[in-house]
Amino acid sequence: PWDIYVANSLVHMYAACALPDLARRLFDEIPRPNLVSWNALLDGYAKCHDLLSARCVFDRMPQRDVVSWSAMIDGCVKCGEHREALALFEMMETTGAGNGVRANDITMVSVLGACAHLGDLGRGRQMHRYLQERGFLLNLRLATSLVDMYAKCGAISEALEVFRAVPVTSTDVLIWNAVIGGLAVHGLTMESVQIFQEMQHSGVVPDEITYLGLLSACVHGGLVGEAWRLFRSLEAQGLRPHVEHYACLVDVLGRAGRLEEAYGVVKSMPMEPNVSVLGALLNACHLHGWVELGEVVGRQLVQLQPDHDGRYIGLSNIYAIARRWQEAKKARKVMEERGVKKIPGFSEIDVGGRLHRFIAHDKAHSGSREIYALLNLITVEMKMKDDVVIPEYFCTYR
C-alpha cells in the first residue's frame, strides 16, 4: 500500500528537480491523491514553464487552496502571461473566497510582479491598497515588490516612499537594487548614485546587479568617468564583471564618441561579446560615422542572429551613412531572401482600463483622427517661438 506522505515527497522531489514527467508518472500511481499531491504536480509544471500542463492540472483539481492559486499565478508570471496572472487573481478573489481561500505574501509578490511587467500603475496601486485593507504585514519581500512595481511603472516618488518606510537596518541588497535600477531606467542618474552612497553607508554590500543598475544610469546620464570608476570598483570588490556590465561600459563610451576606447573594451573582454555588446558598438559606429568598424560589427551581428530583422537593417544603415547604396540595398535583399520579416515596433498605453496599441503610421485606432490632429498641433507649437494655448477639446481622448 502507498504511504501518501512518502508519495507526495517523491512527487515534490521530481518536480523540484525539473522532472515533471516522472512526477506525473508517480502521481498517476497514487490511488487517492490528496491536495498536497495535486499542488506538488501543479508546482512542478509551473516551475518548468509548461503552462498548458499546469493549467490542465489546475482545472482538474477537485479542490484548491492558496498554494494552488499561488503556484498557477506565479507560473503565469514566469512565463510572461502577466494578464492571465491578474485574471487568475481576480478569479481567486471571486470563487476562492467562498471556500476560505485568501491571498498570502507569495500570491501578492507574483501579482505585483505582473503589474510591474505590464506597467499597470492603476492596478499596482489597487494591489497596494488591497495589502493595506487586508492587514498584510509589509515584510521586506512585499516592500521590495512594491518598490519594484512603482519604479517600473514610473511612479518614482511612490517607490521612494515605500522604500523610506523600511528601516535601514532591515533592508537587504534586493530592495536597494530595486530603487537604484528604477531610478536608472528613468534617467535619474545622480539620484541613483546618491542612493548607492546611502547603501554603502548603511552597511549593505552591493552585488553585481547593483553595479549593473548604476552602469545603466551612467549610460542614460552620459557619465563616462563615473562609469569607469564604478566598473573598477566592481572588480576591486572581488566581483566578476558579466557581459552585461561590459555592454553598459561600451554603450556609455560609444555614445560619448569614444569609439576606440569602446572597441578596446570589447577586445579586452575575457568572454565572447554577445549581441548586447556588439549592438551597443554598432549603434555608436552609426551615430559617429565609423563605417569600417560598423561594417565588421554589423556582419558579426547578422551571423549571430540571422533571424533577427534588426541586424540586417543595422548593417544596411551603416552602408547608408557611407552612401554605399548598393550594399545597403543588398543587406535588405539578403534579409528578404532568407525569409526574415521586419517586425514593426509598437507601443501600448492603458486608458480607462482598456489597452490601446499603436504602430508607426498606424491609422487603425478609432481615435486616430483626433490623435494625429493633436500631434500636429504639438509639432506646430514646438516650432513656434511664442507660447500657444492648446484648445481643451484637442487634449480630450475620444
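Numbers here mean position along the shown chain, with the first residue as 1.
Cβ coordinates come from backbone N, Cα and C, glycine included.
Features reported for this protein in TrEMBL:
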REPEAT    34-64  repeat 'PPR'
REPEAT    65-99  repeat 'PPR'
REPEAT    172-206  repeat 'PPR'
REPEAT    207-241  repeat 'PPR'
Residues of the repeat 'PPR' (34-64) by DSSP state, where helix covers H, G and I: 23 helix, 0 strand, 8 coil
Stretch-averaged pLDDT - the repeat 'PPR' (34-64): 94
Residue distribution over DSSP helix, strand and coil in the repeat 'PPR' (65-99): 31 helix, 0 strand, 4 coil
